[in-house]
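As given in TrEMBL:
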DOMAIN    7-47  domain 'F-box'
REGION    282-308  region 'Disordered'
REPEAT    86-118  repeat 'WD'
REPEAT    524-556  repeat 'WD'
Amino acid sequence: AGGGPLLPDSVLYEIFLYLDHVDVLSVGLVCRQWHAVARDEFLWKELFYRYYRISREVPRHPAAVSWYDEFQRLYDTIPCVEVQALKEHNDQVLHLSFSHSGCLFASCSKDCTVKIWSNELEISLQHSSNMRPYNWSYTQFSQFNSDDSLLLVSGVFVGPHNSSSGEIAVISMENFTLLSRVRNKPYDVFGCWLNETNLISGNLHRIGRITSCSVLWLNNAFQGIESENVNVVKRLFKIQNLNASTIRTVMVADCSRYDSPDLLLDYEEQLAASSTCPVFDLGSDSEEEEAKPKQTPEPAVQELPDDGGVTAEDGLQQFFDDIMEGRVRPAMTETELETKVAELFVRNRTKLPELNLLSTDSNSKTKYLIFTTGCLTYSPHQIGIKRILPHQMTTAGPVLGEERRSDEFFDSLDHVIDIHGHIIGMGLSPDHRYLYVNSRAWPRDCVISDPMQPPPIAEEIDLHVFDLKTMKEVKRALRAHRAYTPNEECFFIFLDVSRDFVASGAEDRHGYIWDRHYNICLAKLQHDNVVNSVAFSPVEQELLLTASDDTTIKVWRSPRALRVQQARKPRPRKLLFSWLMNQKS
């Protein structure tokens, strides 16, 4: 309180009204004496819990000096003030991504361009690449590599007979030249960087009407290598898909950073680490919501009933014999029959999963490949996790990947997280410890009888949080944002996570910001249409970008950052001519 609080009297007045025993006159008096009030820790603690409706079991942020400091942080550091609107796109803006240095960011749009922006006091357009000459319909996603020298751009490619697939382009940040292009199917695999020079793409092979195989490829960003001894592509994994599901939305998490997270969300783990690491509990509003987190499924793949040691070949033959002799009851539909045959076929033709993910050495260079998938219907309702070992992170070696036995036709997943709803967005925390997932829930206890007719989905969007070290859901889901499109028209809404905040778009014409510590919604950011994507600056979380169907990119800064920015602007100097005229007079 030495320098005086930064909260305006109007904000203090609103806060104090939450105390039952304080009347309006007293509030006015307190506002005039706010220097003294700022020293009353018990008062501010009471105000904080009541104003934000937080459970009293949630402790104060350990990095905060006082409860007043927390009021000041949650008021003064939220990027909720619109400072600029960028209108260079002429169609829906679908995605935003920052460079790791925070100096640049990229935007993708239905106008089929990817634009590179310079992040200075006034954001300006630096470059625009039109992808229509390459038969692209639109650009949908971008990502800078780890040293910001290359930009991955993903888009929808229009092929022969107007068939739609995906394609990934790699652009050099040195001179904005196109270095390579890689086919990507389905297009909502998006693609991602594995390391500085290698990226992951997908391909899809149909096996039956509702059965397919997804192949994930590792590609060298520099495809023009003139050597027959150097591979530019290598197969990573080959995974069977059942019931019309496919692998989509791939991303990579670095496991080596899990034991030094920016923020711990599990309360018990915080207590254990409190002597060495500033930690904080993710609170909730009621005792019911403080219940134990849901356990994620332990098996990595769908388990089949125990047939008493019968091999897959014998089981498949027995199954066909039962059909021919009428012993299968009740009668199976065509889709059920295809799924059953596919499960029996793949049973002994799948490479076993890797060792327990929870035993990963924190110093290891191992990474996780994370993607959406499913087992019941075509809408993505599960998160698949596959460990990538160090020797797999290069295109060197056989094009079809490491040697495998003839009966290891498919790769199994190392872990599966079931969401019980349609997944419409995913994002990693900066330390890669936590995975945030946007989903729209299915009705409780719903039964899916036809994989081509998934259950109806809720309008409310749930934002789940999963700890990738324990593979468990952390506390309760965040909620405030909404979406309205039905299952068959559902589209991706990108979210982003900073050290202290998580933000997401929504179909209700707003972007949203939550506090990761207290699990509370802090701000709604207005647009004129659907908000598709949000992005925090990786070096300045008080700067946030939002992209919308209204064709604009809005720039939001915190009140504190805005004051600092305005203080940096040079003040206009009086002209020498004006000084001379004054001297004459």
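Cβ coordinates come from backbone N, Cα and C, glycine included.
Quick caveat, the model's predicted, so the values are computed rather than measured.
The list of residues near the repeat 'WD' (524-556) in space but at least 6 beyond its ends in sequence, with Cβ under 8 angstroms from a Cβ of it, reads 77-87, 89-102, 105, 107, 109, 119, 123, 430, 480, 491-501, 503-507, 509-513.
Within the same chain, residues 124-132, 136-144, 146-148, 151, 153-155, 171, 173, 176, 494, 529, 532-540, 545-549, 551-555 sit at least 6 positions outside the repeat 'WD' (86-118) and bring their C-beta atoms closer than 8 Å to a C-beta of that stretch.
The helix, strand and coil residue counts that DSSP assigns across the repeat 'WD' (86-118) are 0 helix, 19 strand, 14 coil. Taken residue by residue, the repeat 'WD' (524-556) breaks down under DSSP into 0 helix, 23 strand, 10 coil. If you take every residue in the repeat 'WD' (524-556) and average the pLDDT, you get 97.
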